[in-house]
Number of protein chains: 2
Amino acid sequence: MNVLLNETHDPELTSWLVSANRAGQDFPIQNLPFAVFRRAGSDESYRGGVAIGDRIVDLAALAAAGVFEGEAAVALAACAAPALNDFMALGQRAWSALRLSLSRALREGSPMADLVKPCLVPQSDAEFALPARIGDYTDFYASIHHATNVGKLFRPDNPLLPNYKWVPIGYHGRASSIGVSGQRFLRPCGQTMAPGAEHPSFGPSQRLDYEMEVGIFIGQGNPLGSHIALDRAEQHVFGLCLLNDWSARDIQAWEYQPLGPFLAKNFATTISPWIVTLEALAPFRVEWTRPVEDPQPLPYLASATLRREGAFDIQLEVWLQTERMQREGQAETRLSHTSFRHAYWSVSQMVTHHTVNGCGLQPGDLLGSGTMSGPAADEAGSLLELSAGGKQPLVLANGEERRFLQDGDTVTMRGYCERAGAARIGFGAAVGQVLPAGDRGSADA
Amino acid sequence: MNVLLNETHDPELTSWLVSANRAGQDFPIQNLPFAVFRRAGSDESYRGGVAIGDRIVDLAALAAAGVFEGEAAVALAACAAPALNDFMALGQRAWSALRLSLSRALREGSPMADLVKPCLVPQSDAEFALPARIGDYTDFYASIHHATNVGKLFRPDNPLLPNYKWVPIGYHGRASSIGVSGQRFLRPCGQTMAPGAEHPSFGPSQRLDYEMEVGIFIGQGNPLGSHIALDRAEQHVFGLCLLNDWSARDIQAWEYQPLGPFLAKNFATTISPWIVTLEALAPFRVEWTRPVEDPQPLPYLASATLRREGAFDIQLEVWLQTERMQREGQAETRLSHTSFRHAYWSVSQMVTHHTVNGCGLQPGDLLGSGTMSGPAADEAGSLLELSAGGKQPLVLANGEERRFLQDGDTVTMRGYCERAGAARIGFGAAVGQVLPAGDRGSADA
């Protein structure tokens, strides 16, 4: 076993909760991801929860039951809050202590089973909130395949900008419009400049898109003026989630020079409710590599640890269900599939680069990886790429076509890790739906 | 009198506090700006305060004294908190009610003088915190002179991008590194690409700059999915402050394509402690105009009210004191001076544009105007412009030269409004100092 693995990763572990042991589901006892939830439609307080099979361990109830001791009990108490920021701030030892105690309590034969059972809530009864108060949200651009695909649409001869292979490109996003899975939002309106037009026009975006990303939640932060060294960077990461960076391509094309995307992105961003910890992902670490012909990173972005195990092999999928499919009872259809392992910049490199100028990160800050596209054409993480900039429509199984998203479209992102000799680790889903622009109203009406 | 003016604007008003009546100072009874403060070095709670002359009215103490009634009392109670977000959320009627009550209580002859006097704290004894929890920070680019000056450095023949006259360009900044006046920060390190170099290098920025901006604090927000119409936009603005958007030009030049500035900006942003309300600024409203040869704004960004009184004539100044000047007891020197009236996009246009896609603003959100440069060369709001991209050094009074900022430099921004027939309204100052990069440390050392 890898030194990063411990008893919580043992693929032979099973739970006394039968649904946790079913093959192919997302939440076996080796996963134990965190969310914030309450019973749907209730006026209960939101609190932390951990997924196990088809249930959620209510961490506030578990804390009240006084089941754990020591560092795990301290960590558990922090999870009773309506946001996980305080738990995230406790750091890796506390996260790990709670994971170990939960793993032991949920195992087949655990003497604690009868204490834990009353703290289980069916996932089907739950509604979720954002897992943390997100102080700042930063979006990176870590897939070279995406950067190249998009660059080709604008600069066929010179798709990749000169800085790409040196700088983990990132920019600040809008924290207040991030929503949890289930988010429904109005098609954004804005200025667009039609090809050949003399002046811009105003109206609903006609080129609305999704972007398949991995979200990175910061655990412990760093004070303003300090930096986080590469080999310590992952200790500052609480875990990963799925992220859909909805994008209005026509608004973006007109507004983005010279300061970057703004209204094209900040109307909605959807994340999955569950944060999978880096500890749970340890069996799916892979080498971080880069083509030998490419420049190797500057020293502050390079290390032996990075090269040995700096990437994560997380399968990422995008699914679409149109309004017609929903009406006619047809299942959603998969648009693309890739792996996070293809990211050109690692999680640790993004964290380290973000702080190298002294920028302070805070517990609960969210980083997006940028659109994750793989090397093959069908591994693209956006419609912009799949439809070649809107020129080649995708034909869906029911005959419908999509260049960009239509009103009523529901986009679902899924993620999971699978390999022989390890339990499957799932991320659940990040679901979002596009509503017609016409429903928008004035704040002062 | 303009319909926007009321008894609180009367230039004849004086206060029983003598220092408030001195000519040329920033805080006469017609101003009454808000901050969050406590006695320096104490462990008191931070709370709201209003500047009057050389004192601060301690709003928590005033609330405890129970001096006001009705809407003003409700507003005052909200100001006792360590951040003004709740007060900002109350809206214009509440802000105005409190302003009127404070104005009456502070006036010469007020029967409340003896109740208010024990609530005064000398400004010289105070330390300040950020006036609000800033959820999201957005920086605009509203000076066409700045955009043109900077554009000329990169594209002499085509300085202004085609979108500039149509779109109030903005981008998201980093909320967590915003500090209040007095902020000292380490010169940022980062990647830069020297002209003609084959690969980038890493080290302290050699082209560190300031940017003179106006900060705009949002009062009442708007729900995600709604928008704020132009003629209602100012009702969502609590007030204005001074803002220094420190910028590392060499890091910016290498990193900013295609997603905009990131590490070049997010290491520090300094604002003045005092927020001057729009009500206080009413006597300094001026027409919002645009050259007739320029395209006029799209309908959602145009109105008769905007044209009549949509701009503010606020004088803005940048002052520099080098380490040597400080050591030798020499006063700071003024580098430039302009007016906010030259902004190409108004406060209301920035707010409306920000929400036109459904983006939700929240109380305490901060917008920066972007660097404010006026039409003349000596009205430029950054060293990048004043030194023609670093090619023409500024020679200071003591013979020192500056192309960009040196370690130990202290930059002070000041703002004020003056005209015949109105009391002077001052903004105080936003002061910041550059410390050597060498002092930076690892977060995990």
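We count from 1, first residue shown onward.
Using N, Cα and C of the backbone, Cβ positions are placed for all residues, glycine too.
The active site, proton acceptor annotation in TrEMBL covers B:HIS146. The Ca(2+) binding site annotation in TrEMBL covers B:ASP139, B:GLU211, B:GLU213, B:ASP245. Feature annotation from TrEMBL assigns substrate binding site to B:TYR141, B:ARG155, B:GLN252, B:TYR256, B:THR371. According to TrEMBL, the feature Mg(2+) binding site maps to B:ASP245, B:LYS265, B:THR269. According to TrEMBL, the feature domain 'Fumarylacetoacetase N-terminal' maps to B:30-131. Annotation comment: TrEMBL describes B:138-425 as domain 'Fumarylacetoacetase-like C-terminal'.
For B:ASP139 (Ca(2+) binding site) paired with B:TYR256 (substrate binding site), the C-alpha to C-alpha distance reads 15 Å. Listed recorded positions: B:HIS146, B:ARG155, B:LYS265. The one with the lowest count of other Cβ atoms within 10 Å of its Cβ is B:ARG155. DSSP classifies B:GLU213 (Ca(2+) binding site) as strand under the three-state reduction. With respect to their backbone Cα atoms, B:ASP245 (Ca(2+) binding site) and B:THR371 (substrate binding site) stand 8 Å from each other. Filtering the recorded positions B:TYR141, B:HIS146, B:GLU213, B:ASP245, B:GLN252, B:TYR256 for a Cβ under 8 angstroms from any Cβ of chain A leaves B:TYR141, B:TYR256, in order along the sequence. DSSP classifies B:GLN252 (substrate binding site) as helix under the three-state reduction. Its Cβ placed at the centre, B:TYR141 (substrate binding site) has 23 other Cβ atoms within 10 Å. Non-local neighbourhood of B:THR269 (Mg(2+) binding site): B:TYR137, B:GLY173, B:ARG174, B:SER177, B:ILE178, B:GLY179, B:LEU243, B:ASN244, B:ASP245, B:TRP246, B:GLY368, each in the same chain, at least six residues away, with C-beta under 8 Å from its C-beta. For the binding-site residues given as B:ASP139, B:ASP245, the lowest number of other CB atoms within 10 Å of the residue's CB is seen at B:ASP245. Same-chain residues at least 6 positions away in sequence with a Cβ under 8 Å from that of B:GLU211 (Ca(2+) binding site) are, in sequence order, B:ASN244, B:ASP245, B:TRP246, B:SER247, B:GLY370, B:THR371, B:GLY381, B:SER382. The Ca(2+) site is set by B:ASP139, B:GLU211, B:GLU213, B:ASP245; from the centre of their CB atoms, other residues of the chain with a CB within 8 Å are B:MET212, B:LEU243, B:ASN244, B:SER247, B:LYS265, B:THR269, B:GLY368, B:SER369, B:GLY370, B:THR371. A count of other CB atoms within 10 A of each Cβ picks out B:THR371 as the most crowded of the binding-site residues B:GLN252, B:THR371.
Cα of B:GLN252 (substrate binding site) to Cα of B:LYS265 (Mg(2+) binding site): a distance of 8 Å. In this model, the domain 'Fumarylacetoacetase N-terminal' (B:30-131) carries an average pLDDT of 98.
Here B:TYR256 (substrate binding site) is positioned 20 angstrom away from B:GLU213 (Ca(2+) binding site), judged by their C-alpha atoms. Note: the CA-CA distance between B:TYR141 (substrate binding site) and B:LYS265 (Mg(2+) binding site) rounds to 14 Å.
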